[in-house]
Amino acid sequence: MNAKGIEGKIAFITGAAQGIGEAVARTLASQGAHIAAVDYNPEKLEKVVSSLKAEGRHAEAFPADVRDSAAIDEITARIEREMGPIDILVNVAGVLRPGLIHSLSDEEWEATFSVNSTGVFNASRSVSKYMMDRRSGSIVTVGSNAAGVPRTSMAAYASSKAAAVMFTKCLGLELAEYNIRCNIVSPGSTETDMQWSLWADENGAEQVIKGSLETFKTGIPLKKLAKPSDIADAVLFLVSGQAGHITMHNLCVDGGATLGV
């Protein structure tokens, strides 16, 4: 995809050290965006940024934990000062703590929400203040199709992603008068380390693709998992000029797993 209006834009990306976040960083960088890569893991983050620089891309590493609002405010100010005005924010950082509701600990519940929901709030609030002053910007939150479909052992994850989805829509409504667009990309099962950690072997992926009446899952009509690049391409579209009149939209990228509902 040759995206309109991405070259030279500064993109703040959380969770950029691996998986979907890394794919988003690489995809936007390939279109000429300048990447402010944010992640709590400094070693992995530096590897991604070094790789991008070796390819001739513009990228800088900003290690930070999205759960820490003061740290995110500080990083946002640094990016504005050292790289320039932030044009794009992509909230990707996320965690998955599976478990039946009565087996979930307080820590597991709170840890899930602190990253998947509060982390989105912290980064969005911090960055959007600068965007409001300029009356320009685009924010995309990577949610999950689990936010709209009940799943066993996924209560914490699904609920936290549902909160992030609705928060982003509310943010989009409040920021519309400032010409700031806010959208969501909701992946289904995707080939990431986080996804593979749920399965004992490759049969896990096959079962997800097939579906199961016992677990109330419909399967994936396209008969394959998403690749991180599939999600990144959807993000690219929503932050580009091609999506200039789209806001508060939830784009589901799940191979039809939620049957378009």
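Just so it is clear, glycine is given a Cβ too, placed from its N, Cα and C backbone atoms.
Features as listed in Swiss-Prot:
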{"type": "ACT_SITE", "residues": "TYR157", "note": "active site, proton acceptor"}
{"type": "BINDING", "residues": "12-36", "note": "NAD(+) binding site"}
{"type": "BINDING", "residues": "SER144", "note": "substrate binding site"}
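Long-range Cβ neighbours of ALA36 (NAD(+) binding site) (same chain, at least 6 residues apart, Cβ-Cβ under 8 Å): ILE10, ALA11, PHE12, ILE13, ALA59, GLU60, PHE62, ILE79, MET83, ILE86. In this structure, of the binding-site residues ALA16, ILE20, VAL24, LEU28, the smallest number of CB atoms within 10 A of the CB marks LEU28. In the three-state DSSP reading, LEU28 (NAD(+) binding site) counts as helix. For GLY32 (NAD(+) binding site), other Cβ atoms within 10 Å of its Cβ number 14.
A simple way to gauge crowding: the CB of PHE12 (NAD(+) binding site) has 27 other CB atoms within 10 angstroms, across all the protein chains here. Non-local contacts of SER144 (substrate binding site) by the CB criterion (under 8 A, 6+ apart in sequence, same chain) comprise TYR157, ALA158, LYS161, SER186, PRO187, GLY188.
Around the Cβ of TYR157 (active site, proton acceptor), the number of neighbouring Cβ atoms within 10 Å comes to 22.
Secondary structure from DSSP puts SER144 (substrate binding site) in coil.
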